[in-house]
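Data first, discussion second: the structure below is written as structure tokens.
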């Protein structure tokens, strides 16, 4: 019996030892990483793209129609025609368009037959008649929400004051308003008493209606901005330079620049530097025009003289400089000359353009030589010259 118990105890100890050995080896086995590769990854990704690109091929569960869902009645009511994304303040300015529509607060209950549960009827719309005054169309777009539209309010108030001054039979309350184009403190004062303050009236339409009774001399055509450009003095000095002596630059209360001439004790809107530049441009244009006329006259005179003298000698060539002066080239001697080779007398000193003789002097010499040649042709010298002075007087 003892032998059996000892054998069983030895067996149990061996089993426990083996278990302990496995526990000691377990951390070593955990270092072995297992890599699993899913071969269907590309197919699954392609299936996702196909479900988006081809929605008809994908199997979608059936959805409940909108009418069968528990949605409020306002979900199926279309918006008002004047309510759009283009309006810059739909909830504020468009509230006046719905002011004439009132919804009944009390919902009528309809009793169903056969003991069914009562159903609340849809509230009916009660449309009230429009007010007596005719309302203008509302066209408040985003383009008019800029600060430049403040000038339109400025013009509207100015025209209303002018109309009240021209019409003595108008409402006295409107004539008690202070004259001058001031902005209203409350926007509700600009609208009729029957219309809500939140309703927006088209400013352009109001300007058109009011301008029909105002003369053309009082109408303002330039609405949205000033008719002058506000430029800093530093920028003007950089572009145009300093002011001439005796001039000073100043500004009005509105910021418009004007100029004072302390010499003549006068003021003007135009910049004297711009006026000086314009005068310089005019003078330059006149000088260029005069030079063109002079060059044309030179070329015409030179061509006329050349045609009367006949062709050039052999080896000579006629050319013109960049400034329009005429000179001659001798290809035989390889020299240049201002003198016409067809006229050999009186110009031997001016044989080279390096002498820098002005073209006007050359033309004067040419004209004097031509005049002498013409006189010799018309009045040939007589071989017998009498000593009597009367002959010289007659001839």
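Residue 1 is the first one shown; counting continues down the chain.
Just so it is clear, glycine is given a Cβ too, placed from its N, Cα and C backbone atoms.
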8, 82, 303 - residue that Swiss-Prot labels as phosphoserine: 82
Of 17-44, 45-72, 73-100, the range Swiss-Prot labels region 'Disordered': 73-100
